[in-house]
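Undergrad: If you look up TrEMBL, you'll see 28-117 marked as region 'Disordered'. The annotation compositional bias 'Basic and acidic residues' is assigned in TrEMBL to 28-43. The feature compositional bias 'Polar residues' is assigned by TrEMBL to 63-82. The domain 'DUF4780' annotation in TrEMBL covers 125-288.
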Amino acid sequence: ERPKGKRLSRSQFRKKMIEEALARGEKVLSKKERRRVWEEKHGVSLKPPGESGPSGIQVPVETKSTPMSSQEGKSASGQPKTQGGKRSLLQLTPEEMGNAKKKSKVGGSSDRPTESYAEKLSVEKVAIVHEDHPDQKLTEETALNIRMELGRRALRGKDIRMTSCHLEGRAVIVGCSNPSTKGWLEKQFQELNPFNGVQLKMGLASSLVRMVKVSTFVPKATGAETKKDVMLGLKQQSGLNTEHWAIVGGNTTPEGQFLVMNIDEDSLKKLRTFEMRPFLGCERISFRLQGGSDPKKKK
């Protein structure tokens, strides 16, 4: 009998079980025989991934036309169970494996619509600006009213898919995700122009609204630990309209963040009022123009 408080090793425990089986007159299987029984039971010809618990005692296996039809250890649904109530792929028939793969797709990530890189590239940005842009720009009130009117009309349209509609550089920038949306927008523009007495023009945002690339280093000492903190701080403390700035590059170091951004010309003018050193957190940070010298300084 196992001594109280003493734990047997696996080999000692197995030896004890074999001795008890022999004492009961049961047959003890060799390793090769155990493997053969396992293969017959599960219908495979692979080495078992591992054996749980003591082995070596002959277990009566009920075999019928299909190895998987054993009635022993079946669940309520009639399927054989293993440790934990689950079966490994090695225990499934080819037909069951095919069904399992189909079921795994239902409700999985494959059912969720995801925007591919090609779909992102297909979004075309259109700008609605003042007829005399850039010398004369839309007021914020006019731009907001145009945006609201487009939104109201889109609700009554069919297959209208605008990814965004916002004010950027005193222009209304609209993202069209398909050709039908762009065609719809051109038709609405003809009906809206002039809008409340203001003559408008429409074209590709890349040609009508000029963006400027700048870079800056944000030390951790400022208290701005994330990109969101940087944008919020520049907006709150220095009055910069960072809502539609685009971070296009940079990296993070133990000392802080290096950021490369595309900003509109109005924001660049605002930065110049701070001598390119706006307030952020508990200090000021420096911005530098990228891609050549400052066009204003050439004049």
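Backbone N, Cα and C atoms are what each Cβ position is placed from, and that goes for glycine too.
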Undergrad: For the compositional bias 'Basic and acidic residues' (28-43), give the DSSP counts of helix residues, strand residues and coil residues.
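TA: For that range the per-state counts are 12 helix, 1 strand, 3 coil.
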Undergrad: Calculate the per-residue pLDDT averaged over the domain 'DUF4780' (125-288) and state the result as an integer.
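TA: Mean per-residue confidence for the domain 'DUF4780' (125-288): 89 out of 100.
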